[in-house]
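Engineer: My questions all concern the structure below.
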Amino acid sequence: MPRKSVLDFAKGRGAYVWITAYDYPTAKAVDEAGVDGILVGDSLGMVLLGLPNTLGVTMEDMVRHTEAVARARPRALVVADMPFMSYETGPEDALRNAARLVKAGADAVKLEGGTEYAPIVERLVKAGIPVMGHIGLTPQRFLTIGGFKMVGKTEEQRRKILEDAKALRDAGVFSIVLEFVPASLAREVTQAVDVPTICIGSGPHCDGQILVLHDVVGLTERPPSFAKKYADVAAAIREAVSKYAEEVRKGLFPAREHYRE
């Protein structure tokens, strides 16, 4: 099947399935599972590197992991996160950094923020770089929103998120992630814009869903309440490594078929 492009994402084409991946083998696996989009998320800082938040993720981190995912040559669309302070300093810095991610193999970039970053989105789109928006809970701004909690419960917040969605739409995003907002607000935003909305922790009314792979397969110690675990890979790893350790200590591995004289 041909690789997907941003033109394949539009309203009314079913529910889009997105998931994160950060390296070659997981990108290959999730693509073979049939997802529509792969996000090389700055969440890698927390789920891979053990950081307490995403603020410490660098452009070098994002370029390296985007390259790894792109080497899997996935059919799915590959979107790379723009990390903290890679675009906030102005349109030209944003363009330079977004171009690095595209050269690393991303089909598009994602950036957090609403109306205030619409000019940056517009600059990137005019330069030929597709952009996915991200509003609601924006993890790079957890210090200013009081932590990792639901956003959009007050009338002021709801109005701001709606304004943000429309501003991003007008700036040219091809899609918008809505993170951890009330389902009723996600439905309102989805009805208000003509680009696909992708929910994470925001209910069933968006045009698609996205989750962090490590939450889905059971590799996260404390997954968010809105995630669902579909497998327990951590338990499988513990079991496999325990058996390996036991066989080494008992002299059962390597067996004759595992080596040559």
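Every residue gets a Cβ built from N, Cα and C, even glycine.
Pulled the feature table from Swiss-Prot, pasting it below:
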- GLU179: active site, proton acceptor (ACT_SITE)
- ASP42, SER43, ASP81, LYS110: 3-methyl-2-oxobutanoate binding site (BINDING)
- ASP42, ASP81, GLU112: Mg(2+) binding site (BINDING)
Engineer: Would you mind reading off the Cα separation of SER43 (3-methyl-2-oxobutanoate binding site) from the residue listed as 'active site, proton acceptor', to the nearest angstrom?
Structural biologist: 13
Engineer: What residues, ordered by sequence, lie under 8 A Cβ-to-Cβ from GLU112 (Mg(2+) binding site) and sit at least six positions away in the same chain?
Structural biologist: HIS134, ILE135, THR138, PRO139, GLN140, ARG141
Engineer: Can you tell me the CA-to-CA distance separating LYS110 (3-methyl-2-oxobutanoate binding site) and the residue listed as 'active site, proton acceptor', as a whole number of Å?
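Structural biologist: Here the two Cα atoms lie 13 Å apart.
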Engineer: Would you mind checking how many other C-beta atoms are within 10 angstroms of the C-beta on ASP81 (3-methyl-2-oxobutanoate binding site)?
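Structural biologist: So the Cβ neighbour count for ASP81 (3-methyl-2-oxobutanoate binding site) comes to 30.
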Engineer: Round to the nearest Å and give the CA-to-CA distance linking the residue listed as 'active site, proton acceptor' with ASP42 (3-methyl-2-oxobutanoate binding site).
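Structural biologist: It is 14 Å, counting Cα to Cα.
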Engineer: Using Cβ-Cβ distances, find the residues under 8 Å from ASP42 (3-methyl-2-oxobutanoate binding site) that belong to the same chain and are at least 6 apart in sequence, listing them in sequence order.
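Structural biologist: Result: THR54, VAL57, ASP61, MET62, ASP81, PRO83, PHE84, PRO139, GLN140.
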Engineer: Using the structure shown, find which entry in SER43, LYS110, GLU179 (the recorded positions) has the sparsest Cβ neighbourhood within 10 Å.
Structural biologist: SER43
Engineer: Report the residues of the chain - excluding ASP42, SER43, ASP81, LYS110 - with C-beta within 8 Å of the mean position of the site's C-beta atoms, for the recorded 3-methyl-2-oxobutanoate site, in sequence order.
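Structural biologist: Neighbours within 8 Å of the Cβ centroid, excluding ASP42, SER43, ASP81, LYS110: THR20, LEU39, VAL40, GLY41, LEU44, THR54, VAL57, MET62, ALA80, MET82, PRO83.
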